[in-house]
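Worksheet for the structure shown next.
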Amino acid sequence: MDNHTTVSTFLLWGFSSFPDLQDLSFVMIFFSHVTILVANVSIMVAIKLSHNLHTPMYFFLCGLSFSETYTTMVIIPHMLVDLLSESKTISLPEHATQMFFFFGLGANNCLLLAAMSYDHYTAIHNPLHYTILMTQKICFQLMTASCVTGIVVSLCIVLVVFNLSFCDSSTVKHFFCDITSVVSLACDYTFFQKMVLLAFTAFVLVGSFIFIMISCVFIGSIVMRMPSAQGRYKAFSTCSFHLTVVCIHYGFAGFAYLRPKDSDSFREDMLMAVTYTVLTPLLNPIVYSLRNKEMKISLKKVLGNICRFSPRW
């Protein structure tokens, strides 16, 4: 029988690996977080109040903004506290809760991107029947399916990870409860468990990415046969913005979770994690909305109404 003590509290080492950059990191991440919140909330309010934006594309965009806002709320506030605090500990239940919400919302984001690709394909392939094929009910079902699938996958991952025995160390070499950093502390982590976690991760990342790429291929083949140059430009413009975010999102997430790992890769993993927890949510409002004429007009109206009804001293 093994003689070891089960760990109940973890130390998030995180940015302690870069002591000279902690103050600068705090300032940059804080203002990035505020920008993410303001941009995404503004998008959700604009879509809610503007009847001309009550379409499937903006319905999914609103869902993505909501999901990404809460994804950052799960990670960034705790990260900012750790940057200013000497004590960087987190209890086992807090650890499991953060992992559950982060991966559940992250999986939901991936599946929403896939749903948005399907929406783009339907709009281009069947423009005359688009309103019949993408009804409010179908959009709600797709969003619900994304959310439920994300919750189930995340719950399975958390159950596998936190049924392990953590006995070798309590220092997590990351700034949040990442799978790889946590399981590296376990003393009974087997090849089978590793394959199970890889299967769940690949199901969300690879499965949704393949679906998006297939949609893009079909969209490209349809667009190339369009007789109107203006129609081709509009279709490619809309899809190129979506594809840009997809490449950033899946590129960094895939590099972090699907590549082979070694004991010295934690610094690279952290830098990749900063990208998909801070940079991607920051870019999405810009790529999807702030370069969209309809969204610009709606945002100006919302901001104008706020200024008009705000008290004047």
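Easy rule for this one: first residue shown is 1, then count along the chain.
Note that Cβ sites are derived from N, Cα and C of the backbone, with glycine treated the same way.
TrEMBL annotations: computationally assigned, not manually curated.
What TrEMBL says about this one:
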- 39-288: domain 'G-protein coupled receptors family 1 profile' (DOMAIN)
- 24-46: transmembrane segment (TRANSMEM)
- 58-80: transmembrane segment (TRANSMEM)
- 100-118: transmembrane segment (TRANSMEM)
- 138-162: transmembrane segment (TRANSMEM)
- 195-223: transmembrane segment (TRANSMEM)
- 235-258: transmembrane segment (TRANSMEM)
- 270-290: transmembrane segment (TRANSMEM)
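Confidence in the domain 'G-protein coupled receptors family 1 profile' (39-288), given as mean pLDDT, stands at 84. If one looks beyond the transmembrane segment (195-223) by at least 6 residues along the same chain, the residues whose Cβ comes under 8 Å of a Cβ in the stretch are 106-107, 110-111, 113-114, 117-118, 120-121, 124-125, 149-150, 153, 156-157, 160-161, 179, 183, 231-232, 235-236, 239, 243, 246, 250, 253-254, 257-258.
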